[in-house]
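K.L.:
Structure incoming, see below.
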Amino acid sequence: PRYRPDWASLDARPLPAWFDRAKVGVFVHWGVFSVPAWGSEWFWWHWQGLHDAAYERFVRRRFPPGTTYAEFAPLFTAHDFQPRQWAQLFQRAGARYVVLTTKHHEGFTNWGSPVSWNWNSVDTGPHRDLVGELGEALRESNLRYGLYHSLMEWFNPLYLADKQSDFKTQNFVLKKTMPELYDLVLKYKPDLIWSDGDWEAPDSYWNSTSFLAWLYNDSPVKDTVVVNDRWGRGCSCRHGGFYNCADKYRPGTLPEHKWEMCSSLDSLSWGYRSNMSLAEVMDEMSVIEELVQTVSLGGNYLLNVGPTKEGVIVPIFQERLLALGRWLDTNGEAIYESQPWRVQMENTTDTVWYTSKGPVVFAIFLLWPRDSVLCLSSPIPSPGTQVTLLGFAGTLKWQKQPGKGMLITLPYLLPSPLPPQSGWAVKLEGVK
């Protein structure tokens, strides 16, 4: 069927199956904001949009008088950017897709956009097509490629003029936003478009529905591409492909619609900050907890890193990504391609979460029980029920719990002064 450029038609499009199966992605925030590397990726806005005193002081201390934001671009060198190394890291992290910022609200494009003269990564700064280079490396590693793209640009004169007209004019959309979106799709054939920067204007201003109708009907990725829900004021959590709803969104119960939780290893920023401290970085346990809760509730987990201006993913981020990958090497069977079960978590505790695959149920417990006996009240066992612990050979003993549910005797762990790592999955076969 051909999709019409209206939400009723576009929202009826089935979501390509690869996205729900993938479960785990890596988000990358990289741009000119990686040069000051301070505060957050909203640096320019805080400095010159809000005239925040702390940002003004920072620039005075670190840069010559009269410095403009544009002068940061040549310092965005990407000297150490090795796309193949990134791709290998993301693959080892267990990611099935990667989303790169092609353009943030600052308007600088990480590819040679024909409508972003001299404010792009080919004309200035790295003098490289960052979007293209990463895409090539990811595809060699069999990872899906998503492109983050901001519809608006804070200080673009065309955008400011449209805003002044209360969005009755569309010069910015026709000359900048849409040409760039079409260019990205035709040039890089992305698996996912992660739209953002939509909230100030309605979708009719952005021409979102006509773009999406073309994307779904006639683009080179019409059958495989997935999009999110940020296509104009009021669209979030209501229209589009999968729902983001809000940054770091956590629904308390199982949503009816496919969704994604995006989170950042640096708890205070999406872009790289040179003054980040260890206490501000998510630890391994928190990452695994977020992943497990998200997947149990039917979501995908998109975990963000901000590389440096040279293109380095700092060691602490690499370490966290590799820890996640090791956990998924053991427990991925309970995550990838799974479905929410009839119960998402034990009603008595939020430390046990469920996923399922056909008749098989996985109970993922985040804390090792004191006496090494795992008490589950939700599954109904049968005489033929079999229990195994992922990453551990052999079956586990279990018994019916008085009342309902089951008690599972876990393998003995050697005593250790350190609490064991977070998250184990038992596989339950023959339960209801």
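Going from the start of the chain as shown, residues are counted 1 onward.
Just so it is clear, glycine is given a Cβ too, placed from its N, Cα and C backbone atoms.
The model shown is predicted, which means the values in this text are computed figures rather than measured ones.
Relevant sequence annotations retrieved from TrEMBL are reproduced here:
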type: DOMAIN; residues: 2-333; note: domain 'Glycoside hydrolase family 29 N-terminal'
type: DOMAIN; residues: 344-429; note: domain 'Alpha-L-fucosidase C-terminal'
type: SITE; residues: C262; note: site 'May be important for catalysis'
K.L.:
Mind tallying the domain 'Alpha-L-fucosidase C-terminal' (344-429) by DSSP state, helix then strand then coil?
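P.N.:
Going through the domain 'Alpha-L-fucosidase C-terminal' (344-429) residue by residue, I get 0 helix, 40 strand, 46 coil.
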K.L.:
Name, in the order they occur in the sequence, the residues of the same chain whose CB lies under 8 A from the CB of C262 (site 'May be important for catalysis') and which sit 6 or more residues away.
P.N.:
F27, N244, D247, K248, Y249, L302, L303, N304
K.L.:
Where does the mean pLDDT land for the domain 'Alpha-L-fucosidase C-terminal' (344-429)?
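P.N.:
PLDDT averaged over the stretch: 89.
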